[in-house]
Amino acid sequence: MKIELASSYGFCFGVKRAIKIAENAGDAATIGPLIHNNEEINRLATNFNVKTLHGINELKDEKKAIIRTHGITKSDLAELKKTDIKVIDATCPFVTKPQQICEDMSNAGYDVVIFGDENHPEVKGVKSYASGKVYVVLDESELEGVKFRQKVALVSQTTRKVEKFMQIANYLMLRVKEVRVFNTICNATFENQEAVKNLAKRADVMIVIGGKNSSNTKQLYLISKNFCEDSYLIESEHEVEKSWFEGKNLCGISAGASTPDWIIQKVVDAIEKF
């Protein structure tokens, strides 16, 4: 059986940047998981003493606090800056962008629509920058019956599917006088999604590696599943099962933006042993 990696996969710019920041900081606490990958979080804790807190209320004797790649809410950031703790911002620049757009458009009198998961930390952070009306949706049907003002701004969670984002944009344009559409889906997300789609079309079995709580990894898995029925989402090599590969000729592999190369290689090694 041949194993083929997607043409684009794994660590994105924002994650690489955040990990380097955490490694350089050392002896610090992150506000929420730095990235959505438990294996890498454990490595940072073991090798660099970077521990994970659930919120700013858990800060006690820490001298350094790292803001996670997904960002935090505007109010939490303000509270954090009131303390004597050194604040190290590892928010991905692609996440900072919709935060700023949300704040600017809201202040300019626009209603704001965010395409994303309202329970995701990135979306919670972006939403907190709106001073006026803001709506978080995963589907245009959720906007039915909403009475917008004359002006609406649309942004997206950075890891969502472009096709769905455009459906929501089209829905708004048919119903609102002025719509400002800001494509805040990051390039790495788009490239990884296109790559997994192209590989899944040819593969007999697909393995998508990443955190089960990772939005971008889930999107990759769903795209893969759409084109290759035998698609599996795993976090580590320990979940790989021999039966998945019986009678298969091509195994495709993709990985989420928070998945390091060392985890991917362990999965490849495990599959090659079958």
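From the backbone N, Cα and C atoms, a Cβ is placed for every residue, glycine too.
Of all the Cβ atoms in the protein chains shown, 25 others lie within 10 Å of the Cβ of Glu122 (active site, proton donor). Glu122 (active site, proton donor) falls within a helix when secondary structure is assigned with DSSP. As annotated by Swiss-Prot, active site, proton donor applies to Glu122, with the evidence given as sequence analysis.
Cβ neighbours within 10 Å of Cys92 ([4Fe-4S] cluster binding site), excluding its own Cβ and spanning all shown chains: 23. What Swiss-Prot lists as [4Fe-4S] cluster binding site is Cys12, Cys92, Cys186.
Counting only residues at least six positions away in the same chain, the Cβ atoms of His36, Asp117, His120, Glu122, Gln157, Thr159, Arg160 sit under 8 Å from the Cβ of Ser215 (isopentenyl diphosphate binding site). Following the DSSP three-state reduction, the secondary structure of Ser215 (isopentenyl diphosphate binding site) is helix. For His36, His70, His120, Ser214, Ser215, Asn216, Ser258, the entry in Swiss-Prot reads isopentenyl diphosphate binding site, with the evidence type sequence analysis.
Swiss-Prot lists His36, His70, His120, Thr158, Ser214, Ser215, Asn216, Ser258 with the feature (2E)-4-hydroxy-3-methylbut-2-enyl diphosphate binding site.
If you look up Swiss-Prot, you'll see His36, His70, His120, Ser214, Ser215, Asn216, Ser258 marked as dimethylallyl diphosphate binding site, on the strength of sequence analysis.
If you check the binding-site residues His70, Thr158, Ser214, Ser258 against Cys186 ([4Fe-4S] cluster binding site), the ones with a Cα inside 10 Å of its Cα are Thr158. The residues near the dimethylallyl diphosphate site, meaning same-chain residues not in His36, His70, His120, Ser214, Ser215, Asn216, Ser258 whose C-beta sits within 8 angstroms of the mean position of the site's C-beta atoms, are Ile35, Glu122, Thr159, Gly211, Asn213, Thr217, Gly256, Ala257, in sequence order. Residue pairs drawn from His36, His70, His120, Ser214, Ser215, Asn216, Ser258, the listed isopentenyl diphosphate binders, are separated by up to 15 Å at the Cα level. Among the binding-site residues Asn216, Ser258, the residue whose Cβ has the fewest other Cβ atoms within 10 Å is Asn216. Taking the centre of the Cβ atoms of Cys12, Cys92, Cys186 as the [4Fe-4S] cluster site, the nearby residues of that chain (Cβ within 8 Å, site residues left out) are Phe13, Gly14, Val15, Thr69, Pro93, Phe94, Val95, Thr158, Asn187, Ala188, Thr189, Ala257.
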